[in-house]
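Q: Can you read through this structure? Questions will come right after.
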Amino acid sequence: MAALRYAGLDDTDSEDELPPGWEERTTKDGWVYYANHTEEKTQWEHPKTGKRKRVAGDLPYGWEQETDENGQVFFVDHINKRTTYLDPRLAFTVDDNPTKPTTRQRYDGSTTAMEILQGRDFTGKVVVVTGANSGIGFETAKSFALHGAHVILACRNMARASEAVSRILEEWHKAKVEAMTLDLALLRSVQHFAEAFKAKNVPLHVLVCNAATFALPWSLTKDGLETTFQVNHLGHFYLVQLLQDVLCRSAPARVIVVSSESHRFTDINDSLGKLDFSRLSPTKNDYWAMLAYNRSKLCNILFSNELHRRLSPRGVTSNAVHPGNMMYSNIHRSWWVYTLLFTLARPFTKSMQQGAATTVYCAAVPELEGLGGMYFNNCCRCMPSPEAQSEETARTLWALSERLIQERLGSQSG
């Protein structure tokens, strides 16, 4: 079934596995009951665990509940054009045991993006995901597209972006998904993307700043800045600046900035506690790829927090997220040492669907409506480093970012 397959729940939990001759069914109002075909009887309690259950939430996107001439509930999957008597929400049942409340959080590090969106319909919502042709960006884009959103993959490499669009359409031919050119290493490209997006005259409900570069040899962009800093921070900063009027008109809207736990292992201030530009865009002699990446991820959280402080009064919230440790993706492809490291770590990492979960959680769950200025890991709020919480550093970084953009674009126009 599509719902179970998308959620990664093809296999049944051994504890909930039914004995031979039993079948799991649901009532119209969502209660689970069990049919014993051998003895031709039904009961509310699971035959092995004795638990009562009910299904959680609405039907997955594209599904509809109907009743046949005998009064039996059945389900229509309009996306894959199939009919079944098995409720797709059975993958997401909850125990009916009000006397024993649990403190276990609803989602965690093993949750997938599709599980978070289960039962949600995003028809009419517009989502932009940068760096969406592979990895967690692709899984983020795909998850929203398969739930009805109009998704735009904002990518530098249009050939790979078009392939990503095709892969999504192969899963559902009616998905509303497209690719647009965005090179974060070139401020003019960011400008052109924003102009092209605005020309579509569509709202923007979710902007996911996902694209990043990692472990690059030292290089300067055409704008004269160190590449990791511009791609991971400044390009996204400029993109949000250019689209903030659309976000505000589309409120409630959300910005999600993909950061990393590696932000904890660096600082961007000098010994006097002042923002040090030479640490953000270092010379070749002072450059270390890992440190550059860590600093850019610290910038991501500072930017997200300051963005939330500025735009939340206008209905736009922003949160930063850590997707997961050492996930195998194309982000590491610049040096063979990192490729080897990621390969060795692969058995202990999250899947890409799990890596996209925290991003999708912050972008979609109703309980975060109107809330921002936070940092999330494994679908749970956690505190970032003290440096990342500094409002003074965030304001200074914001002002510096504005100045860098004005100087670069001003010199180019001249």
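Glycine is treated like the rest: Cβ placed from N, Cα and C.
Predicted, not measured: the structure shown is a model, and the values here were computed from it.
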Q: If you check Swiss-Prot for phosphoserine, which of S14, S390 comes up?
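A: The residue tagged phosphoserine by Swiss-Prot is S14.
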Q: If you check Swiss-Prot, which stretch out of 50-55, 278-283, 392-397 is marked motif 'Nuclear localization signal'?
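A: So the range that Swiss-Prot calls motif 'Nuclear localization signal' is 50-55.
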Q: By the record in Swiss-Prot, which of Y33, Y338, Y375 is the one labelled phosphotyrosine?
A: Y33
Q: Of the residues Y34, Y238, Y287, Y293, give the one that Swiss-Prot describes as phosphotyrosine.
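A: Residue annotated phosphotyrosine in Swiss-Prot: Y287.
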Q: Tally of helix, strand and coil residues over the domain 'WW 1' (16-49) according to DSSP?
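A: Once the DSSP states are binned, the domain 'WW 1' (16-49) shows 1 helix, 14 strand, 19 coil.
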Q: I need to check the long-range neighbours of the domain 'WW 1' (16-49): which residues 6 or more away from its ends have a CB within less than 8 Å of a CB in the stretch?
A: 55, 65, 67, 73, 85-87, 89-90, 93, 96
Q: Does DSSP put Y293 (active site, proton acceptor) in a helix, in a strand, or in coil?
A: helix
Q: Please list, in sequence order, the residues in the chain of Y293 (active site, proton acceptor) that are at least six apart in sequence and whose C-beta is under 8 Å away from its C-beta.
A: A212, T213, F214, A215, T228, N232, S260, S262
Q: Can you check how the pLDDT averages out over the region 'Interaction with MAPT' (125-414)?
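A: A mean pLDDT of 92 is what the model gives the region 'Interaction with MAPT' (125-414).
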